[in-house]
Amino acid sequence: MMDQARSAFSNLFGGEPLSYTRFSLARQVDGDNSHVEMKLAVDEEENADNNTKANVTKPKRCGGSICYGTIAVIIFFLIGFMIGYLGYCKGVEPKTECERLAGTESPVREEPEEDFPAAPRLYWDDLKKKLSEKLDTTDFTSTIKLLNENSYVPREAGSQKDENLALYVENQFREFKLSKVWRDQHFVKIQVKDSAQNSVIIVDKNGRLVYLVENPGGYVAYSKAATVTGKLVHANFGTKKDFEDLDTPVNGSIVIVRAGKITFAEKVANAESLNAIGVLIYMDQTKFPIVNAELSFFGHAHLGTGDPYTPGFPSFNHTQFPPSRSSGLPNIPVQTISRAAAEKLFGNMEGDCPSDWKTDSTCRMVTSESKNVKLTVSNVLKEIKILNIFGVIKGFVEPDHYVVVGAQRDAWGPGAAKSGVGTALLLKLAEMFSDMVLKDGFQPSRSIIFASWSAGDFGSVGATEWLEGYLSSLHLKAFTYINLDKAVLGTSNFKVSASPLLYTLIEKTMQNVKHPVTGQSLYQDSNWASKVEKLTLDNAAFPFLAYSGIPAVSFCFCEDTDYPYLGTTMDTYKELTERIPELNKVARAAAEVAGQFMIKLTHDVELNLDYERYNSQLLSFVRDLNQYRADIKEMGLSLQWLYSARGDFFRATSRLTTDFGNAEKTDRFVMKKLNDRVMRVEYHFLSPYVSPKESPFRHVFWGSGSHTLSALLENLKLRKQNNSAFNETLFRNQLALATWTIQGAANALSGDVWDIDNEF
């Protein structure tokens, strides 16, 4: 064919030997077959087999313009012809004439990839059904009972039995084939009873012994070790209002208060702020209907969380931090006493307790003139090693983003309700979710971390130390904490405490889960969000929210009254099953609530955190502040900039909602950027203007300290109620820093710096 083409070309020009162009489409070594190479051959063929030159007669020259035009047309024709011809050769079998003429080697034949069928994607309804099926076949009570056996009871933090249970949890995580299992150890200081007994004694005015009231079996950790003597004054629950309502001053006196309503630490702090010299805490029969009047109980008095001797930094060994002490430690002795001991004290006191206290008829207000009470506390510090145990199911798309599910493991006493139920739920959820991933095709986009904490009884020490140790690693990675502690304390009510970011998720979950006894939906009140209580200091979810800025949720099935045996030696499996006969059903419902949280948070492309909920929180704060607009104006201040910051936050949430609506849900890069903006919201409500060491709970809504919005309002109220106590300089700082914190949250939600509304 090439010879024929050459012959035609030569004849056209009268046989004159001219240059011609060869196009080689040979496949290159690097696999690029689109390269075109041009070569010029003059006077002779590349394959001149006969080695003869063509003898031609020199023709007459044609007109220049006609010749050049004709040449151009023919060249283009030949180019098209050769490209088409060689293109056709690619479609024939290897080693054909076409391939040899093109001068190419046969391409390496690639083995076809085996076509495995893709696992079908599981949707929300599928996953909800699979979770329900697994819950139906799970026996929670046997695990709770196992954790209450002698080998694990009692399991005070740092004890051998606490470690035994830690190793059991670790082995279980490994048996469940989680993606990874590891442990985290800390060296912390706790307070324990000394060999010298604590005591409560009645003495006369000269300090002589009248009689011993009690050598209590329980104690209050982190009490000051001291002996004090003074009159005894009853202050109901020890709230601020209770102290305000008292007719008798408490300065220089020992205060006796009822357990409940607020934490031990808050009771002690309130008493100490009014110069009380000691505190006694008892459980009255009205609120805690326990038959055994001699029952002792345990608690702690640290107004904070974590190791109080390493405030704001982790308790790792050999960290060489200078000696430090939390400002939340009390400077007065504190002791729990039995109801029987309290009644003995009331026998030496005068004045009936107010009827609106709704307490025991034996209650009295103050000791008689001739008698005092002597309190001796001899607790000592002890350094212990604690273990936190972790297991993770890694996400398939965003493994670096994770929800943390945790439960306290230790307990003073048997701890069936306090830590046994939570640990059992943790183990069963880890087993079920691992099974769903390994066998049922569940592919969570984000990771799930299961955490078993130690030293929870001493103020969420294990959880807080982990947060302090890994705060920078957790930032914008851990996006929710689900607390399983004390999830089953009754059957009558379902109560929840959480960050507003989780309210929408909670509402949807309540609509999906049925009450374990009545069979009705947990969602019974459309106004439920207004009744949500703040997370308290004794809740392990609190440091996640207030210290780390991680949205957190804690929930329970419970009664209107407190569970009476928490922190006592009667917190046993036997008492738990007697009070809650349908324990397995209630535990199943608690696991279903937590399980649905976990699925929605790790499965959906859009993060299930409702950032718009904070608009109503900010609006509520501004409304409260507006009541004092005249006072603010008198100080020469304006709320204009606060309004502007609040408006910027509202606009930022609206823009983000629009961005989510316009985003292509299958574009993971875009969705991740949007989700990252959502994850910043809670964190940026941590005040950047206070030290984590001095004020660890920096959240302006849910933390504690002068930087909080509630503290700002409390200070401002004093301008009318008690002007001498009002601190105007403090208020000016509070208002300015609160405004900038809100503005910072709005800026973070806006995204990139060029998207921020800079009119502020």
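Don't overthink the numbers, they just go from 1 along the chain as shown.
Quick reminder: no glycine exception, Cβ is built from N, Cα and C everywhere.
So that you can see what the record holds, here are the features copied from Swiss-Prot:
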- 1-65: topological domain 'Cytoplasmic' (TOPO_DOM)
- S10: phosphoserine (MOD_RES)
- S19: phosphoserine (MOD_RES)
- Y20: phosphotyrosine (MOD_RES)
- 20-23: motif 'Endocytosis signal' (MOTIF)
- T21: phosphothreonine (MOD_RES)
- S24: phosphoserine (MOD_RES)
- C62: S-palmitoyl cysteine (LIPID)
- C67: S-palmitoyl cysteine (LIPID)
- 87-760: topological domain 'Extracellular' (TOPO_DOM)
- 223-313: domain 'PA' (DOMAIN)
- N251: N-linked glycosylation site (CARBOHYD)
- N317: N-linked glycosylation site (CARBOHYD)
- 569-760: region 'Ligand-binding' (REGION)
- N722: N-linked glycosylation site (CARBOHYD)
- N727: N-linked glycosylation site (CARBOHYD)
Which same-chain residues, if any, lie at least 6 apart from N727 (N-linked glycosylation site) yet have Cβ under 8 Å of it: N715, L718
Local confidence of the domain 'PA' (223-313) - pLDDT mean: 97
Euclidean distance between Cα atoms of N251 (N-linked glycosylation site) and N722 (N-linked glycosylation site), Å: 20
For N722 (N-linked glycosylation site), the number of other Cβ atoms found within 10 Å of its own Cβ: 9
Cβ neighbour count within 10 Å of N251 (N-linked glycosylation site): 10
DSSP state at N251 (N-linked glycosylation site), helix/strand/coil: coil
DSSP-derived structure type at N722 (N-linked glycosylation site), helix or strand or else coil: coil
